[in-house]
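Pasting a structure below so you can have a look.
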Amino acid sequence: MNNSIILIFVAILIIFPNEFSKPTRAFSNNNFVYTDGTHFALNGKSLYINGFNAYWLMYIAYDPSTRIKVTNTFQQASKYKMNVARTWAFSHGGSRPLQSAPGVYNEQMFQGLDFVISEAKKYGIHLIMSLVNNWDAFGGKKQYVEWAVQRGQKLTSDDDFFTNPMVKGFYKNNVKVVLTRVNTITKVAYKDDPTILSWELINEPRCPSDLSGKTFQNWVLEMAGYLKSIDSNHLLEIGLEGFYGNDMRQYNPNSYIFGTNFISNNQVQGIDFTTIHMYPNQWLPGLTQEAQDKWASQWIQVHIDDSKMLKKPLLIAEFGKSTKTPGYTVAKRDNYFEKIYGTIFNCAKSGGPCGGGLFWQVLGQGMSSFDDGYQVVLQESPSTSRVILLQSLRLSKLS
């Protein structure tokens, strides 16, 4: 962390001496986050998001003996004034499933998710809940296709997830089961719980079998309409990384296209805000750090401009700095976070559509088996935690 940031941080603690120690308040049961033009809002005021990803919350909460890790994570997030966590509300097949077969659910895993939602509420953390993975981890679309094959469907591609009627039926049934679940702790149905900020249709969707984008567009149209028919309380986003279609492929890393389209997908009725992910070190490994940083700035700006055109808020839903990056240091991670946070703050301060960011990812202490290079253990990362707190405090002053 550079000296100017330290001085700003000290000044904030002097001016707002109670802000650091004051716990975040739990929110009431009546008020849902909504959008107001290009802004998130809550209780009549603009809401700016500073938060984190923790995909593992339900997985860890499955075992009552390890639920303290979930509690500690929310405690730490609240300490640094974070207000949103993005997590998986799925685990399809495998050794610790939420859904072990189509329509067959693991009550212990569901109770783990109940606990996550209940604890998030206690610490004033809203949740973004993703409903399926594009990737194989925790089952993903591959598992849905395999279930259909086991029932006699002649499928040859994981992308059949987006078109096969049986598979789409499996997905819809899962959406209904999750949204109508009544929390065993709070006694509130998920669809009626304002702790949840938003549902996410699918994490990082890609459809390489149809690069025109038509297949995925039709799927979003169908599933957004279906989900909203069950739950009109909550916001909905797709889970996009931000890739454009063929007509704007020059903005994508290496001009690749992935069968999704940031513009047309987000124009679907029922999609309430836009998202992007940012991994220039993975997507553009041949570039220098300076060139990657320049690309990242351009990536954010073009999506700010297009979200303004779409008249929807933008959330930077994943970004991070990997410890596996050549030459990595904590100071470089802090500097990267500062750059992203600065862009978010400047956009928000000027009335723009960028409503916040979620870094990837928070881990609790003693969770080294979950390390993926991007982990931030807040208790063990004082300088990064201060950068996060500074962002939380200055965004809160805009509300």
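Including glycine, each Cβ sits where the backbone N, Cα and C put it.
In case it's useful when we look at the structure, here is the feature table from Swiss-Prot:
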type	residues	note
SIGNAL	1-26	signal peptide
BINDING	Trp88, Asn203, Tyr279, Trp360	substrate binding site
ACT_SITE	Glu204	active site, proton donor
ACT_SITE	Glu318	active site, nucleophile
DISULFID	Cys347-Cys354	disulfide bond
Where does Trp360 (substrate binding site) sit in DSSP terms: helix, strand, or coil?
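Coil, per DSSP.
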Could you measure between Cys354 (disulfide bond) and the residue listed as 'active site, nucleophile' for me? Cα positions, answer in whole angstrom.
14
Let me know the largest Cα to Cα distance in Å among the substrate-binding residues Trp88, Asn203, Tyr279, Trp360, as an integer.
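The substrate-binding residues span at most 20 Å between Cα atoms.
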On the three-state reduction of DSSP, what should I expect for the residue listed as 'active site, proton donor'?
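SS state of the residue listed as 'active site, proton donor' = coil.
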Let me make sure I understand the structure: which of the disulfide-bonded residues listed (Cys347, Cys354) has the fewest other Cβ atoms within 10 A of its Cβ?
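Looking at the disulfide-bonded residues Cys347, Cys354, the Cβ with the fewest others within 10 Å is that of Cys347.
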Please identify, from the binding-site residues Trp88, Tyr279, Trp360, the residue with the sparsest Cβ neighbourhood, meaning fewest other Cβ atoms within 10 angstroms.
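Least crowded of the binding-site residues Trp88, Tyr279, Trp360, by Cβ count within 10 Å, is Tyr279.
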Using a 10 Å radius around its CB, how many other CB atoms surround the residue listed as 'active site, proton donor'?
21
Around Asn203 (substrate binding site), how many other CB atoms lie within 10 A of its CB?
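25, counting other Cβ atoms within 10 Å of Asn203 (substrate binding site).
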Hey, how far is Trp88 (substrate binding site) from the residue listed as 'active site, proton donor', Cα to Cα, in Å?
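With the alpha carbons as reference points, the distance is 12 Å.
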When you rank Tyr279, Glu318, Cys347, Trp360 by Cα distance to Glu204 (active site, proton donor), which of the recorded positions ends up on top as the closest?
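Closest by Cα: Glu318.
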Just counting, how many other CB atoms are there within 10 A of the CB of Glu318 (active site, nucleophile)?
23
Give the three-state DSSP assignment (helix, strand or coil) for Trp88 (substrate binding site).
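Its secondary structure by DSSP: strand.
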How many whole Å apart are the CA atoms of Glu318 (active site, nucleophile) and Trp360 (substrate binding site)?
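Each residue's Cα considered, Glu318 (active site, nucleophile) and Trp360 (substrate binding site) end up 6 Å apart.
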